[in-house]
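> The structure follows.
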């Protein structure tokens, strides 16, 4: 259905305004999400099924992640369905996003190394074009070129790993490789593939390029590429965690944890701080992957909710900036967070409290589940390290909260548009009432792991 929508809008975007294309496309993706939700039967799917000559594997483990990505895309697209003070309309935005969405939804299902590379490139090339969509911006073009160069290096490493695996096993299908696990060192080369994927995700120590890309790209493009692209890759890694050795994951875990806790202490750029915040969150996700626990799903949900509110809040706060740094990223520095809208400031403060891990926000429950699962699997040192680094990271979260607390209600002529306000209100309500759904959510995750 996504491919059909792409073909239709490829023609429709030529004869229509970008706003109409964005609105129609958002409705199409919402309808796709609804169909996906109504047809999803996780219990009946166990143990799973293969598609397209065993190239893709549909299991109860990757279905919830695909639905989560679809929901995130819908909520991010709501921003482009109405006019804003600093508008960046483009008729190609939705086409590139639909192309990227095909790669995103197929990536967690991949069961073959050839399909893995093809789907990765489908996802990556659309992201390169999305990043450089506004070519009048020098920073946007620079971000797109840097993203393309670093993504090309990671893709080369992926091909190298696939070559070594095929040379040893004689197959590229992951299901067929299961028989080689006990007496072959083919799975050592999957660690090279893991390094390539973590490189593409921007995990430390291979992270400097991603910080630059997120900083140079327009804010609403940064919101998309910093969340959705990482989610698809980490979903595939979690679904195929048995292919990788933990020593590589632990190495990236410790370095990412240290960098994400220390580096933002000296930052005043909000997008850079949120990029390091995402790295800290993915350190928790790496820990849950090592223990292979359903806490992974809970943490992914809270990560999506909190970062969605923060990025949409930045876009909403941009409406009140009278002296923008640029029209592509009006809100850039922390001192600009003094907002005349206390309700918006409250939503941002609530999301930051969730990142800190204050109860009863989702961040508290997600971190509790991840750390409990890690301790049960005897990851004691890793648990102590992540607690210490999270306490250090609290400083820069608290610094942002302090600036937001200085906000005051003022009479202004610029207002947030209704679609963005509705999305922010819905996400904030879900964030605030997350603890009410925890029993049902835990029960559902238990059924997945049976």
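Our numbering is plain: 1 for the first residue shown, then up by one each step along the chain.
Cβ atoms here come from the backbone N, Cα and C positions, even for glycine.
So Swiss-Prot lists the following for this protein:
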| type | residues | note |
| --- | --- | --- |
| TRANSMEM | 25-45 | transmembrane segment |
| TRANSMEM | 58-78 | transmembrane segment |
| TRANSMEM | 113-133 | transmembrane segment |
| TRANSMEM | 145-165 | transmembrane segment |
| TRANSMEM | 186-206 | transmembrane segment |
| TRANSMEM | 219-239 | transmembrane segment |
| TRANSMEM | 248-268 | transmembrane segment |
| TRANSMEM | 272-292 | transmembrane segment |
| TRANSMEM | 295-315 | transmembrane segment |
| TRANSMEM | 344-364 | transmembrane segment |
| TRANSMEM | 385-405 | transmembrane segment |
| TRANSMEM | 414-436 | transmembrane segment |
> Between the transmembrane segment (219-239) and the transmembrane segment (113-133), do 3 or more CB pairs sit under 8 angstroms, pairs being 6 or more residues apart?
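Between the transmembrane segment (219-239) and the transmembrane segment (113-133), which are separate recorded stretches, there is contact, as judged by 3 or more close Cβ pairs.
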> Taking pairs 6 or more apart in sequence, does the count of Cβ pairs under 8 Å between the transmembrane segment (219-239) and the transmembrane segment (344-364) hit 3 or more?
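The answer is no, given that the two segments have fewer than 3 Cβ pairs within the 8 Å cut-off.
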> Taking pairs 6 or more apart in sequence, does the count of Cβ pairs under 8 Å between the transmembrane segment (248-268) and the transmembrane segment (344-364) hit 3 or more?
no
> With Cβ-Cβ distances below 8 Å as the criterion, list the same-chain residues six or more beyond the ends of the transmembrane segment (186-206) that contact it, or say none.
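Sequence-remote neighbours of the transmembrane segment (186-206) are 120, 124, 150-151, 153-155, 157-158, 160-162, 164-165, 168-169, 177, 180, 229-230, 233-234, 236-237, 243-245, 248-249, 252, 255-256, 258-260, 275, 279, 282, 286.
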> May I ask which of the stretches 295-315, 385-405, 414-436 has the most CB pairs under 8 A with the transmembrane segment (344-364)?
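If we count Cβ pairs closer than 8 Å to the transmembrane segment (344-364), 295-315 scores highest.
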